[in-house]
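One structure is given below, encoded as structure tokens.
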Amino acid sequence: MFKLFTARQHDKIWDFDGGIHPPEMKLQSSTVPMRIAPLPDQLIIPLQQHLGPEGELRVRAGEQVLKGQPLTVGRGRTVPVHAPTSGMITAIAPHTTAHPSGLAELCVHITPDGEDRWREQQPWADYRQRDKMALLDRIHQAGIAGLGGAGFPTASKLQGGLNGIITLIINAAECEPYITADDRLMQEHADEVITGIHILRHLLQPQQVLIGIEDNKPEAIAALQRALRGQDDIHLRVVPTKYPSGGAKQLTKILTGKEVPFGKHSSSIGVLMQNVGTVVAIKRAVIDDEPLIERVVTLTGDALSSPGNFWARIGTPVLYLLKLAGFKPQNPPMVIMGGPLMGFTLPSLDVPIVKISNCILAPAETEMGLSEPEQSCIRCGLCVDACPAGLLPQQLYWFSRGEEHEKARNHNLFDCIECGACAYVCPSNIPLVQYYRQEKAEIRALDQESARAAEAKARFEAKQARLAREKLARELRHKQAAVKLTDADQQTVDAAVSRLTRQSDGSESVINIPAGQMPDNSAVIAAREARKAQARARQAEKQQARSTEETTDVVDPRQAAVAAAIARVKAKKAVQAQHVTTDVAEAGSEAMAEDPRKAAVAAAIARVKAKKAAQAQHVTTDVAEAGSEAMAEDPRKVAVAAAIARVKAKKAAQAINPD
């Protein structure tokens, strides 16, 4: 009884809240065998085809490349891209890519040479002989990203699940209308699907492996059952058709009954999920050494005369594929990449196929119906009932329109899987998913700006802290240099301290200097006075020389005689002043020899006399100059000036020698 209950638990299927049942529209492409698209005249390979940064280029324009040769460097979360065929790189330039914005991205343009020559390949016949890190590196260097639409780097996802994965789920639901790429892949390549699952089991070592597939794919179910015959370690679970049962969180709930918490991934509850197309790409990369250079693309819609699924090389222009399926342009033209609910209208038909391009929908004018204008929300609540993520689409709509970013974030906007179920049931024709996508982009932009501001603030604070540390270090070095003394400096300081100590010890005693023991400065004083007298004599000689030069220009003999007399008087006074200074110095020295007090008095008298002599000399010079000016005017005035000069000179001499 317990075993029967356990078996029933293993086969149990749960359900998720919400969801819709739109028309499937799959038969027009699922019943047609897959075709291989020929090589176009030009391949355009975008450098970024995954969720993450683009890789660094390894090639240049004009270079010949081989099929499978890497065009960019794969490092970290950067997934490399490869040449889909052999040929020449004609350009590396921006080109419009498969994105709703229609912005141009950097692409490698390759002109095929028609030979389709492979690079050297190294197949691994037995992958079990390789360690896990080698397998992960092989998958990463093959450029594999999630082919289900998200484009997450597969190797990074697998590496994060090496420990703690309980359940491995293979997503074969393919729930969106019109898309049948995985359906035809399972019908025609079921063995490769199972081999890829075994590789993942070897890597992850999960406790159970589940394949989830909707019940509207009977041919694919039968093909998988044939490939699984005799294998009990992989369980095929057929689930009811309901959109969006192919979502990661929704399929996890259906197969395990576990709900992924808000803001987290399925790996947080021990579940890892891979798409069927990704599993086949892993098998070809590990065993056959084939990088991801092609994928299955569904071409469908009433605007095509021969819809179906094609093996298309990465970089093939969309218009080229549409022509292979018998494209009949509509008015106005409309081509959608992806399904009718989660896809977007292409801005141009020259955009290339990328790794996440699973469907090209070309509807007829009557197929999509008339576009009705957007109306006001009537708060009917149908969007809430249809939301498979358990969100409040109506509130998120108001927050998005009102730019209330924090409220939108707090209401788990980023848990929205953009399935379009809310917009599908909205009676007001409000494009809710477009509002959510725009709001997510604005929040991401604000987060990036905040992160840049935080980084700038951190750099500024780090710089200020560094400058403060350097300042403290400089001050400390200066203090250490000021405190640190050499041996010689220390000896000098010690000697000065000892002298001060000795002086302080005798500072209270009275100093009595007997007569005759005073410092004898008489010689120094006499020498100084002699130098002053010599300087005055030299000045007098210079003035005499100038006077002589001036007298040579005088034409009148009387003026010459007066000038000569004045010069003689100046010379005589200078000599007398020198003799007086010398006598005073000698007298002072004799007096100092007798008594220090007398020496001081004599020195003071000598200074006074020297000062008077200098004043007399200046007076004589002024008189002489005045006389020379007067001589130039009148001889009588010259005679009077000479007499006055003689009187003043006599008085000055008497003042110097009163005795």
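Every residue gets a Cβ built from N, Cα and C, even glycine.
Sequence annotations record features per position, and here Swiss-Prot assigns domain '4Fe-4S ferredoxin-type 1' to 366-397 based on sequence analysis. For Cys377, Cys380, Cys383, Cys426, the entry in Swiss-Prot reads [4Fe-4S] cluster 1 binding site, with the evidence type sequence analysis. Residues or ranges marked as [4Fe-4S] cluster 2 binding site by Swiss-Prot: Cys387, Cys416, Cys419, Cys422. Feature annotation from Swiss-Prot assigns domain '4Fe-4S ferredoxin-type 2' to 407-436.
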Residue with minimal Cβ packing [other Cβ atoms within 10 Å] among the binding-site residues Cys380, Cys416: Cys380
Residues close to [4Fe-4S] cluster 2 site centre defined by Cys387, Cys416, Cys419, Cys422, Cβ within 8 Å: Gly18, Cys383, Ala386, Pro388, Ala389, Leu391, Pro393, Ile417, Glu418, Gly420, Ala421, Leu432, Val433, Tyr436
Nonlocal neighbours by CB distance (under 8 Å) for Cys426 ([4Fe-4S] cluster 1 binding site), same chain, sequence gap 6 or more: Leu382, Cys383, Leu432
Same-chain residues at least 6 apart in sequence whose Cβ lies under 8 Å from Cys422 ([4Fe-4S] cluster 2 binding site): Cys383, Ala386, Cys387, Pro393, Leu432, Val433
Integer Å distance between the CA atoms belonging to Cys377 ([4Fe-4S] cluster 1 binding site) and Cys419 ([4Fe-4S] cluster 2 binding site): 20
Residue counts (helix, strand, coil, in that order) that DSSP gives for the domain '4Fe-4S ferredoxin-type 2' (407-436): 17 helix, 0 strand, 13 coil
For Cys377 ([4Fe-4S] cluster 1 binding site), nearby residues of its own chain (Cβ under 8 Å, 6 or more apart in sequence): Gln394, Tyr397, Trp398, Ser428, Ile430
8 Å Cβ shell about Cys377, Cys380, Cys383, Cys426 centroid, [4Fe-4S] cluster 1 site members excluded: Ile378, Arg379, Gly381, Leu382, Pro393, Gln394, Tyr397, Cys422, Val425, Pro427, Ser428, Ile430, Leu432
Cys419 ([4Fe-4S] cluster 2 binding site), number of other Cβ atoms within 10 Å: 26
